[in-house]
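Quick notes on the structure that follows.
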Amino acid sequence: MVQKVVVIFSGGMDSFTVLNMAVKEGYEVHALSFNYGQRHSKELDYASRACITLGVAHKIIDISAINELIGGSSLTSDVDIPEGHYAEESMKSTVVPNRNMILLSMAVGYAVSLDANKVYYGAHSGDHDIYPDCRPEFVERMNDVCAIANYEKVEIVSPFLYQSKIDILTAGLNMGLDYNLTWTCYNGREKACGKCGACQERLEAFDKNNAQDPLEYE
């Protein structure tokens with residue numbers, strides 16, 4: 001019997017790489033995306049297209065009502081998206097309070113209902129400085145909670161937790177992945193801005209891999 005897994009899939013290059021890894025490992029993959037009111041909801045269109053291309057089961061769940069409780073992030077509220085690299089202090093405005101705990105909790109519940117025993121998500125070392133819910137200690141504690149929250153044991157797996165976006169892209173290029181199927185920019189315009197932290201980190205990853213980013217930029 002093929003083992004089922006859930007992959008939290010934003011439509012970005014990190015989770016796209018993780019999704020493809022799970023597919024190549026032979027799992028029955030169930031991709032799960034969330035509309036949490038992000039201004040870059042365009043990524044969900046990319047997520048849908050990628051899953052159709054891969055032939056992966058995919059659900060997009062609308063939880064945008066949570067913004068009545070957890071506003072204030074530049075990703076969900078009427079606040080300017082900061083420009084510059086992730087390491088800069090201004091990027092903390094892109095933190096959505098408790099986002100990954102909420103998304104992972106829902107994904108674990110979905111996994112239990114599917115009789116899946118793993119939930120994958122694409123946290124990596126480049127997120128550690130800015131996003132507390134992408135750090136190793138967070139993943140460790142979430143797994144502790146998962147071990148006691150249900151009768152069924154579900155493990156949260158983050159394959160690139162100690163690696164950078166550069167490493168993620170290296171792995172993806174080695175798998176022959178098409179990153180034209182992904183969206184990274186925090187601004188939801190027709191073309192990627194090339195200036196926000198997400199774009200800067202993506203462009204750096206392609207540069208360090210001596211590869212051409214297929215995404216169009218302003």
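Using the three backbone atoms N, Cα and C, a Cβ is placed for every residue, glycine included.
The ATP binding site annotation in Swiss-Prot covers Phe9, Ser10, Gly11, Gly12, Met13, Asp14, Ser15, Phe16, Thr17, Val18, Leu19. Secondary structure from DSSP puts Ser15 (ATP binding site) in a helix.
For Cys185, Cys193, Cys196, Cys199, the entry in Swiss-Prot reads Zn(2+) binding site. A coil conformation is recorded for Cys185 (Zn(2+) binding site) in the three-state DSSP classification, outside any helix or strand.
With all protein chains in the displayed structure included, the most crowded Cβ environment within 10 Å among the binding-site residues Thr17, Cys185 is that of Thr17.
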